[in-house]
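These come from TrEMBL:
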DOMAIN    266-374  domain 'HTH araC/xylS-type'
TRANSMEM  12-33  transmembrane segment
TRANSMEM  40-61  transmembrane segment
TRANSMEM  73-91  transmembrane segment
TRANSMEM  103-124  transmembrane segment
TRANSMEM  136-160  transmembrane segment
TRANSMEM  181-201  transmembrane segment
TRANSMEM  207-226  transmembrane segment
Amino acid sequence: MFEVGNLNYNFQSFLDMVGLIQGTTLGVLLIVLNKRKYRSTFFLGLFLIFLSLKLVSYIAISLQVSDVYPTLFLLPFNFSWLLLPLFFVYTQQVCALSNEKTHYWVLIPGVVSFLAQLVIFFLPYETKLMISQSPWYVLIFTYIGIFYSLAIGVWNLRLLYHHRIEVHNSFSLIESKELQWARVFLIYSLITTVIIHILFYISTTNYYFKILFSVFDLIAIYWVSYHGVVQRNVLSVLDERGRYHIPLQVPSETVNTTTTATEELEALMEKIDNHMVRSESFIHTELTIVDLAEKLKVHPKRISTAINTIRQQNFNTYVNRFRIKKAEQLLRNQEEIHLSIEGIGNEVGFHSKSAFYSAFKKETGTTPTKYKEKISA
């Protein structure tokens, strides 16, 4: 610990200052990136800025700023009500379900909380001191806010679960589209929030606990910043190719029995299978269900329903099965075609070696290398 002027600086305040500077800078960068096509990073930028501003309160407490400057007591930067709702709105805008209505209303409690803190901040010091000692102050602005954010976080995990299903039903290339980083961040946030409050309950003054809290915040800032910069809107892949305008094919009969519906799906499935075999469109790395729908002149939802119902698979698994069958043929003739195993994976439509190996093992129960060794024996 060292002293500058009347303030005592320590390692915790240093970590929080690093987080504040880095977080606000990267938050502004993400807001600027929002102007680019296919990137909805405005609310993620706000999330980073507010997460960083939260550290100002911790810095002020750590340095005992209010003892020197009483007017800075109760800084209005407790964002328990606002942080995870901001991340939730961002997730809605970037995920595969972004064409559905965005729930902006989840931000209202956070905005009200901030405005209330702002009003309290400008009150006389004696009044603020009295308010801070009231049990309802911490209850409302911290604990109820935390429970609200935890609920929004769980809702966000549920949204990401449905997003993942939609991605697997729409894309053959799912890398960078599953938003796994957002899921990891939410689980991390929920777990660390619980840990922090357990440790805080054990000891409100333990210096090493406070260092741990600062490290948690730094990890969150860098994790979100990195992935936020590289993440693009999932549906933008479809938008790049132009919005599809394929009429939904509706049976001419007004009465549609379950048997008739099943027969129609089976007929459509046969049509899809024939197209895949004949055209080998599965070798295109970024094949989407919209591409298939445009070729067959059938709405993507009908194709998805047929694959889900008749094949009991999602679109991604369905396409990969064709790729693996093609890969098996090439592996049996590898010496004639002069391709490496990784080259065969690329040839049949896989974006990376890891994706090829994972799909191959899922389909055959073994790796391409072991499969090659087996057929060569």
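Heads up, the Cβ atoms here are built off N, Cα and C, so glycines get one too.
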(Q) Which sequence-distant residues neighbour the transmembrane segment (73-91)? Criterion: at least 6 residues beyond either end, Cβ under 8 Å. (A) 40-41, 43-44, 46-47, 50-51, 53-54, 56-57, 60, 66, 102-104, 106-107, 109-114, 117-118, 120-121, 125, 128-129, 131-132, 141-142, 145-146, 148-150, 152-153, 155-156, 159-160, 163, 179, 182, 185-186, 189
Q: Kindly report the helix/strand/coil residue split of the domain 'HTH araC/xylS-type' (266-374) according to DSSP, in that order.
A: 84 helix, 1 strand, 24 coil
(Q) Considering every residue in the domain 'HTH araC/xylS-type' (266-374), what is the mean pLDDT value? (A) 91
Q. Which sequence positions outside the transmembrane segment (103-124), separated from its termini by at least 6 residues, show Cβ-Cβ distances below 8 Å to it?
A. 74-83, 85-86, 88-89, 92, 131, 140-141, 145, 148, 152
Q.
For the transmembrane segment (207-226), give me same-chain residues lying six or more residues beyond its boundaries with a C-beta closer than 8 angstroms to one of its C-beta atoms, as numbers and ranges.
A. 10-12, 15-16, 18-19, 22-23, 26, 29-30, 44, 47-48, 51-52, 54-55, 58, 62, 181, 184-185, 188-189, 192, 196, 199-200
